[in-house]
Each structure stands twice: as C-alpha cells, then as structure tokens.
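Asks: I have a structure here, written as structure tokens, and I will follow up with some questions on it.
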C-alpha cells in the first residue's frame, strides 16, 4: 500500500490556473500549454508588482526636493521586483518610506516567496477542481491517518483511494508551505534584531540620515532575496572594516540562494525529530513528488553543498593571491582582509553586494567572477 501511495501522488504543479487554456489548447500540446500558463502568470505578477512599486515611488515624498524622472522610478521598481539590483538613481536619494516600499518589492519578488506563492496557488486551484468534480467533501470518509494507509491497516476502495491520496498530498503540501513561510520570517527577523551593534557602522548611517531599523530590514531582505541593494550609495564598501556586520550578513547571502534547499531539508529533519510526524518523513522520502523545486533529495543537497563551498574556496584563494597587497586592501588588518574577501567572493555568485570597488579589481579576478556567475 505504501508503494501505491507514492505512485498515485500527483504533482500539484501541473494544476495551473486554466484562464489561458482556451488560447493554446486548440493547437498546442497540453504540457506546452501549461508552460505558457506558467509564463503568463509570472509575467502578469511582475508587471502588476512593478506598476504598484512605480506608483508608490512616484507619489511618496522623496528625501530631496528634486523629483526623479518617471522612467528612472519605473526602472528601479522593476529592478527591485525582479531582484536584479540595477538602478539609475542613487540609493541615498530615497526617503525612509520609499526604502520600505523597495523592501516590500524585494520581499514579494524574491524566488523563495514566489515559489511559495506558486505552491499556495497550485493547491487552491487543485482544491477548486476537486470541488467542481464533486470530490472535495471529506465528510464521506472516516478520519484516516497517513501511517494507517502506509501500514495497510485501513482498507480503502479503489474508487476512493485516489481522492484520499490527493487530499493527503494537499495537506502535506500545506504544511510544507507553512514551513517555508516560517523559515522566511525567521530569516527576516534575525538580522533585524541583531544588526548594526557597532558604533562605527551606526555613525555611518547617522551621517547619511538612514534609520538603523530601516537599514537592517532593507539589507536582510535584499540579501536573502539575492537582490544586492543597499541603502548607501557605496553599497557595502563603507562597512568593509565592520567585520562583525559582514559576518552577520554573510549567512543570509548563502541561505537565500544555493544553500536554501539543504537548509530546508535540514529544517524538515529537525521538525521530524521533534514532532515525530509522518508528513515530514514523507516529505524527506518523496521530495520529487512534492512538486517544489527547492526540496531536493539528500544526495543533491550534499552535492550542492560541496559545489558551493568548493567554488568559494577557489575564489577565496585566487582573490587573496592577487589582491592581498593591492590598494583595495589598504587600512585593513589581517582579520578584516579575510572577512571582507570571504564576503566579496560569496556575493559574486549570489546577492551581488560588494565591499570593494569592482573598477579597481584586476581583470583576472573579474573574469573569475564572471565565470562563477555563469555556473
């Protein structure tokens, strides 16, 4: 019965909203039609989000009396929504309310949030389809636990087997979505509470007129969403001597990108050991059936860990060998050089934040960064 439970599990990602099906189903294969639906849903989502951000930036009060051009504001809004970190406006021009708006755009435009939102939408559409087919009523079935099904302690008629399985899968995916939301909230709160405890960093923000709370929230969201925006014009260059601050931000650089799948799997394992719930065991054993691209198998997570740290070690060694005594390392002691270099090479593949002026770095290092970004 356990094998049937796994084989009959359907991928909810195939249940995209059917609003666009009438345009393509007549002459395109069903799988290709789903891909078009997926594309248009994301396209409309980012268009609406970018327009909302543009209007918010346009009608909110800026820090300076000089009004920015509409195209520059829209460009910045699109860049924040798509977490591409490109802007034609200096970051210190934005007021506190505008920085909070950009934080919101990066939050809901990041890959972790959009993938979680897609999971919710898929479940909603799946439940809607089940109800339209008259199969959503759970009152017709007695309460059955997952372990009872897996152990074969309950006899399920073949006609009812599929419905019960899909209901259980939906419940499991709901729990997965809650787990993802909880992880994301934890990441956001961590740096917000502990960030900027150093006087030198506080003085930099005070002189620039940036609130510490806004800087903390903005930076952690930008870092975790792999956007790379920082409220200062110099990015993180003004904080390259604040090694403690860089070390606080560094884990979020990795957790919001390539180390997110391994950390997600580790978090589920912890929940499994604490709660002893069958749902978590099923998530770990049937990661492919969940339809969530970031939930990888144990082998893939280990390979990803080795790859990430391997590339970082190679970059670190090459960067130190070529830039250790260069001008960009002036006024830094040994500890500050190591931390700043580690922060820089980690961001090359992930968030894109910088503690060094890239225009002064040797061409060989820039080529190495370009190669790592393409990997």
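Backbone N, Cα and C define each Cβ position, glycine as well.
Annotation source TrEMBL lists transmembrane segment at 39-57, 99-120, 164-193, 244-268, 295-319, 355-374.
Set these features in their place in the structure for me.
Replies: With a cut-off of 8 Å between Cβ atoms, the residues of this chain six or more beyond the transmembrane segment (39-57) that come close are 16-17, 20, 68, 70, 73-74, 76-78, 80-82, 94, 98, 101-102, 105, 108-109, 114, 121.
Here the transmembrane segment (355-374) has Cβ contacts under 8 Å with residues 235-237, 239-240, 246, 311, 315, 318-319, 322-323, 326-328, 340, 343-344, 348-349 of the same chain, all six or more residues outside its ends.
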